[in-house]
Structure formats: C-alpha cells, structure tokens
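According to TrEMBL:
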- 20-431: domain 'Amino acid permease/ SLC12A' (DOMAIN)
- 21-44: transmembrane segment (TRANSMEM)
- 50-74: transmembrane segment (TRANSMEM)
- 95-115: transmembrane segment (TRANSMEM)
- 121-144: transmembrane segment (TRANSMEM)
- 156-178: transmembrane segment (TRANSMEM)
- 204-227: transmembrane segment (TRANSMEM)
- 248-266: transmembrane segment (TRANSMEM)
- 286-310: transmembrane segment (TRANSMEM)
- 331-354: transmembrane segment (TRANSMEM)
- 366-387: transmembrane segment (TRANSMEM)
- 407-428: transmembrane segment (TRANSMEM)
- 434-452: transmembrane segment (TRANSMEM)
Amino acid sequence: MEDRSIENTDGTIRSLSNRHVQMIAIGGTIGTGLFLGAGTTISATGPSVIFIYAIMGLFFFFLLRALGEMFYFDSNSHTFVSFITRYLGEAAGRFAGWTYWIGILFACMAELTAVSTYVQYWLPGLPAWLIEVSVLGLLTLLNLTAAKLFGETEFWFAMIKIIAIISLVVTGIIMVAANAKTPVGHASLSNFTGSFSLLPKGKYAFFTAFPMVFFSFAGIEFVTITIGEAKNPKKVIKKAVNETLLRILLFYIATLAVIMCVIPWGKITSGTSPFVQVFKIAGFNAVASVFNFVVLTAAASSLNSGIFSAGRHFFQLAEEAPKDSFLKKHFAKISANGVPAAGIVISVALMLIAPIMSFSSTAIEVFGTVAGATSDMYILVYVLALLAHRKYRESSDFIAAGFKMPFYKLSSPLTIAFFLVIFFSLFFIPADVFGASLAASWALLFGGWCWLREKH
C-alpha cells in the first residue's frame, strides 16, 4: 500500500517514497556552506565552532519539531506558511508567504550563479548565461514532469554529498590513527584538544560566528515541504525530523572535529576549503576536480529543491488569494502530472534574472546585497512559524497524542528568543548591518501594508 502513489484532493500526487524524503532531509542538512564556509567559521572561532554548530543545530531541531507537529496534524499542507495563515491570520500569512517565496528566488539565483562558476572551472570558455539557462531548463523540466522524478534526482544528489563527507571523515581518522605527517606537523587528536580554547579570538568573534552558522543551516526545513506529496506522511515526517540531530552530529560536528585533528585550527584559512586541504595532505591529487564536482552537485541540489519549493509556495499564495483574483484563477492549478506547473514556471521565469545579471558587475553587486537581506528575512518567517505553532497548541486542532515538540513550554519560547537574538545581532556586525536594515525595512513596510489590508 505504501508503494502506491495516491492522488490528493487538490490534484497533487503522493509519489515521494520514504527513501526519497529521508535523503532529501539529509541533502537539506548538507549545503555548500559546509564544504566552502567551514574554513571561515573555524578560522574565526577555533575549536569552539563545535559548540556553535551544536547549539544552532539544537534550535533548528526544535524548529523542525514545531513544523513537524503541525504537518503531522495536517499532512495535506504543501508549505508551513499555510499554518501561519491559519493560526496567525491572513496578514501574517501573506507577509510570510511572499517574503519566503522571494527569499527562495534569490537563493536559487545565487545557487544558479554558483553552478555556472563551478562548470566554468572545466569549461572556462562557456558563457555563464548559457550554463545558467541550460541548467535551469533541465531542472525545471524535471520538476514539471513529476514529484517522483524530483525525489529521485535529489536522492542521488544527496548520495554524492554523503559519500564526500564520509570519505573525508574516514580519511581523517586513518591519518590521525597513523599519526600521518603533514606540512604543518602531524595528524593528531592533540591538534584539536591540545590547543582548545572556548574564546581563542575573543567574545565578539565567538558571538558573531552564530549568524554565519545560522545561514549554513537555513533551508533545513525544506524536508517538511515534501510531506504533502509523500507516501505514508505521518510515519515519514517523524523519521525525517527526529534524525536531524544525528545528521548534524555526523555531518557537521564530526566532520569539523576530524578536520581540526588533521590540521591545527590556527593553520586553516578562511579563503580555502578545509576539505581540499585534508585531501591534498592525504595525497589525493585529483582533489580539485572532485571537490568542484561535489560543490557543483551541492549547488545543483539546492537549486533543484528551491524550484520545487518555490512552485509549491506560489501555488499556496494563489490558493489563499481572493476567489476572483488573477492569482487564484491562473496559478491555483495542478497539472495533469500532479505538480503546480504554473507556480513553477512563474518562479523559474523570475530566476532568469540571474543569467541577465551576468552581463553587469554592478547588477551582481546589487543582487548580492539584496540576497543577503532576503536571507535575513528568513529569520522573521521562522519566528512567525514558531508563533503559529504556539497558537496551534492552544487551538482545538491540537493532537495530544501527536508528534509533539519536546519540552514545549521551555523549547518554544527559547527558540523564538534565540532566533530574534540572531536577527538583532546582525545590526552589530558591520558586514551585515545594511542587509539587516533592508530586512527590517521590508518587515515594517510590507508587513504594515499586509496588516492594514487585513484591517480595512
């Protein structure tokens, strides 16, 4: 029964199997931030980066449990934004829906730009715009064909990332066990424990690393968006969410610890990927090409997931639009293939701004600034989702025997407070002040407009 695809009342099809969703969850945990950004966080905070990832991972786990509890109650929802609308009102839902959808578009455009850069490593003469249009076209075709095909693609994308991480961890453990000689000494546990300090570069460096790590986790909630098209959703959501902490321990904390055992943290530079450094020390000469393939896969995976997510979120926005509106008439539709084709197409059409921008360095700079601001706005959407969860707990919808958020009375307010502290901390980091100010302005102006529209 579980292997048979089931059609939902809205026309979407439950074709994603348990293995699809579990690998999508793993893939969502591992982003390009781990492969490329680990060097920056290690050089900024030293061994204490382990604690930062552990703390951040715990709060994202609580976020996922809150979302998971609501999806367990209503597994027909395609996005968590629908819960914000249901429990906080139309104004909050409209603000969160449009804000999150715009954020997805910018994230996809950033990944699309990254994909072209990685492809040009092998084909430097190929124009960036041609690569971007080709890759976007291919992934769009996959998403328009069937949710199952998307799931299969993500399964193998995730597999490549897992193999890369396990290879690094195993290589590092062997080097430490053999006390292997390196250009900076020997691979040893003492590289990590011997020079351990909680605040090696001071309190400011430690606390400002939290926003950096936050953005490497952003998007981890994507797995919940697949529940509306998963077979046996109640069972699948439990497994996918509950194993998040284990994945964070393995893919982030174990990986970072192994890296710092092979290379003393003080020798790791922010401009170089520690993955490349470890494999080079191990004598793996083809590391550059292989690593480029891995980060290309990670970026393509994020882009693929973004297209899937953007289409569902736009469909949700259209579903919640007024009955006779243009949005409702033309975009609240599901294709014969069981996917929100109109929502996917309009989202992808806007992503084509990325290839156009590749012709202008000024446009790229502006895009970078705005993309940073949209990432900051994710924090506000997460807070709204957590507030919606609190309202769910107070409503008649609450299932006492459901998939409940652990330690709710403590974990819920602490997670909300933690995310708000992360947002306000951006105003004390020079590089993030402008983006945070744009995000705050958007929240005040667009959020205010949504509130006034609902009232009048």
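Cβ atoms are placed via backbone N, Cα and C, with glycine included.
Listed as Cβ neighbours of the transmembrane segment (21-44) (distance under 8 Å, sequence separation of 6 or more from its ends, same chain) are residues 52, 111, 114, 151, 154-155, 157-159, 161-162, 164-165, 201, 205, 208-209, 212-213, 215-217, 219-223, 226-227, 230, 236, 239-241, 243-244, 247-248, 251-252, 255-256, 259-260, 265, 268-275, 291, 294-295, 298-299, 301-302, 305. For the transmembrane segment (248-266), the residues of the chain that approach it from at least six positions outside its boundaries are 26, 29-30, 34, 38, 42-43, 46-47, 49-50, 53-54, 57, 60-61, 165, 168-169, 172-173, 175-176, 180, 182, 184-185, 187-189, 191-192, 195, 200, 274-275, 277-278, 281, judged by C-beta separation under 8 angstroms. With respect to Cβ pairs under 8 Å, the transmembrane segment (204-227) is most closely packed against 286-310, considering the stretches 95-115, 156-178, 286-310, 434-452. Ranking 50-74, 95-115, 156-178, 286-310, 434-452 by CB pairs under 8 A with the transmembrane segment (331-354) puts 95-115 at the top. Long-range contacts of the transmembrane segment (434-452) within its own chain (CB-CB distance under 8 A, at least 6 residues past either end) are made by residues 90-92, 94-95, 98-99, 369-370, 372-377, 379-380, 423, 426-427. For the domain 'Amino acid permease/ SLC12A' (20-431), the predicted model reports an average pLDDT of 88.
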